[in-house]
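Novice: Among the features that TrEMBL reports, transmembrane segment is placed at 40-58, 70-94, 106-128, 148-167, 203-228, 249-268, 280-301. According to TrEMBL, the feature domain 'G-protein coupled receptors family 1 profile' maps to 49-299.
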Amino acid sequence: MSTFLMQAAPNGSTSMAPTFLLVGIPGLSAVPSWWTIPFIAVYLLSVLGNSTILWIIALEPTLHCPMYFFLFLLSVSDVGLATALMPTLLGLALADAHVVPASACLLQMFFVHVFSIMESSVLLAMALDRALAICHPLRYPMLLTNDVIGKIGLAIAFRCLGLHLPLPFLLAHMPYCHPQVLTHSYCLHPDMVRLACPGAWGAVYSLFVVLSAMGLDPLVICFSYGLIGRVMQGLRSSENRRKAGQTCAAHLSAVFLFYVPMILLALIDRLRVPIPRPAHTLLSYVHFLLPPLINPILYSIKLKEIRERILKRLLPRKVDCGSMRRIPLHL
């Protein structure tokens, strides 16, 4: 274990060692390498699905509206999150590389949490967008103008980058009281902060940044859907209720897919629930890898505009032979 600790300081703490040890799922080194195929397939399908969403929204002028702008950002965050996880995942799977340089670990931690907070922020913006569209349909175009959408995009960028940029530097200079052994297959902020000495002020800032997003966003989303539910109950037409519910179905599915595994992981860690380590690791895989895979499928199925334009771009146009004029042949 001394490999992962530097020389101890007089107060018993240490500075950050040059490497971290990733535990991942114990015993996988004895498993045949073909088990990595599902991880690679999930990543490639995630990139393909989200790239299709990005391509369709970018090419179709009719989709240049607030809802699809946020869907565009959601696909960007999904591709970024899946890509940020792959280096250490594939390193463990293909080369049994458990030792990761500290600089690479901090870099991965930064991008994983930037894209995670970006996804959470976009889901929050989409919930507010749906609440305004359903609760104030007549004022909706005046409330969400291009100027307002641009400011929301800048706020999301600042929240992801500005607040998280200090985290790698704070973690690199905090005193550590525990061996630098991480329990997951990738470098995550909660794992790294847990190794710091109690009372480190950098850990307090780090926890504030993460919890301010992951704790606040689900509450605001729930509040938004409370307003939507109250308005839907007052709709007399069942057809209007169906249309309103259909516009929210894909977003609600994405919200549950993203937050439920995250909340379960937080409760398991906080309450110290004794579950097997492989089950805990698999739940983290579900939290990080399943939304990028499922979100494009959800939005392609639930949103008629996306589905129709994908089919229009991918399927060749059929030629109506019956409508073609016959040209007489003169001998």
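We number each residue from 1, going along the chain as drawn.
Cβ coordinates come from backbone N, Cα and C, glycine included.
Keep in mind that TrEMBL annotations are predicted by a computer and have not been checked by a curator.
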Novice: What parts of the chain pack near the transmembrane segment (106-128), using Cβ distances under 8 Å and only residues at least 6 beyond its ends?
Specialist: 67, 70-71, 73-74, 76-78, 80-81, 84-85, 87-88, 100, 152, 155-156, 159-161, 163-165, 167-168, 171-172, 186-189, 192, 210, 213-214, 217, 220-221, 224-225, 251, 254-255, 258, 288, 291
Novice: Across the domain 'G-protein coupled receptors family 1 profile' (49-299), what does the mean pLDDT come to, as a whole number?
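Specialist: 87, rounded to a whole number.
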Novice: For the transmembrane segment (203-228), give me same-chain residues lying six or more residues beyond its boundaries with a C-beta closer than 8 angstroms to one of its C-beta atoms, as numbers and ranges.
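Specialist: Hits for the transmembrane segment (203-228): 113, 116-117, 120-121, 123-124, 127-128, 130-131, 134-135, 159, 163-164, 166-167, 170-171, 174, 189-190, 193, 196, 244, 248, 252, 255, 259, 262-263, 266.
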